[in-house]
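Asker: To start, I am sharing the structure in question, which I have written as structure tokens.
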């Protein structure tokens, strides 16, 4: 039956994975909000219970003080009392007698009343006892992934100008995919991954600023990158450097796309308080694809004459929407992979044996592996639905939904592979205090990762210098390979010099 309908068979097998991927973050977020609301109600009851505990004994008085002073420690101290039968009975009686209308007002313990509450509070207590460095440690597999992606991208932007570079790896004009089409999207995705550190840091420190303050900060980030974009525009026009205007437009360039991302990401981060970033990413891509499909937008981008400022830069302006969706997808991945106790992972870890003897960090790693696999397969499923089922071609020029799903699924699976390599060859990395991050990450890759955008800018400058100095199409293969080796060596020296000096170029 399914042999004559391969798409129906693929859809039947893979659709549940996509549904699970889309629904898991939203369900977890809803459960987290519910648990927090219940925690607040229980906390008020336990504070009253703590006042009664003051008269029991000196240890009880000390515990009651903790109950009054620390929100997150309230449940964990109650659990500490549960190890002693007399104290446990006292706490149970005081809490249950406080609210006679409660269904747990007879002899039910707090753990029995709401196990989700207790597990969440225990996680909150453990997080509150961490330092920021312990909560957001360096992840060796992410460093290696970002550095490798940057090195390949930098080499490709010069190599493509030589005949030695296979044409099938060069950027396509309108429809289709290639290695370099993946590179530009991967750059945005990796920036999204590390951008999650900011919101995670704010949540950890409980210092989430107002929306307008966050927007003000993002404007500062936008200004510096836009200045780079304007400088590149002026230099390109001044020296009459060859460029493909069908890629971004007459005036637009990739730095401008990067520059306009922070304010929009800030707005969507505010919306992520109500839904998951993964859902926002898919919604942005789906709405944009709807406009491309059911309005004349596609025809305008591909064929409209360049008569005004918008039409002259139509590719860059409208493809920005797709890159925003890619950035949000990368940020979602960062929420799961950057922290030692990721945002939604406690809910996943519970199904993987969070209390196993291997420890919470090992359980967190299992949860990351689970998320990356489910997310990767979910995006692959959605990509197949769009391209095979709905016959939507991939277009980097449009940055349409199939392109967003292609870039996102590829990068998530790459990160999964890097994590598997770490698990196999460095099983103790990031799991114990004695494990060393430096043992799993080469010094050169760490140098590239620390100043990725600066290395990319240096690569653009060197590429321009080479193209202005000689006709790259006339260079023989041996000479081209020699130039590429020297070029890569200069990038390595530049990255190493910045790391040796302790420079961190932030734009």
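Backbone N, Cα and C atoms are what each Cβ position is placed from, and that goes for glycine too.
Computed from a predicted structure; not experimentally measured.
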Asker: I'm validating the feature mapping. Which of 123-141, 199-217, 218-236 is tagged transmembrane segment in TrEMBL?
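Answerer: Of 123-141, 199-217, 218-236, TrEMBL gives transmembrane segment for 218-236.
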Asker: Out of 344-367, 368-391, which range is noted as transmembrane segment by TrEMBL?
Answerer: 368-391
Asker: Labelled transmembrane segment by TrEMBL, one stretch among 149-166, 437-454, 455-472. Can you tell me which?
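Answerer: In TrEMBL, the transmembrane segment feature sits at 149-166.
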Asker: Taking the transmembrane segment (478-498) as reference, which of 149-166, 248-271, 277-297, 317-338, 403-426 has the most Cβ pairs under 8 angstroms?
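Answerer: Top-ranked stretch among 149-166, 248-271, 277-297, 317-338, 403-426: 149-166.
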Asker: Quick test of the contact rule: Cβ under 8 Å, at least six residues beyond the ends. What residues does that give for the transmembrane segment (403-426)?
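Answerer: Same-chain residues near the transmembrane segment (403-426) but 6 or more away: 140-142, 144-145, 149, 177, 181-182, 185-186, 188-190, 193, 281, 285, 322, 325-326, 329-330, 333, 337, 365, 368-369, 372-373, 375-376, 379-380, 382-383, 386, 394-396, 435, 439-440.
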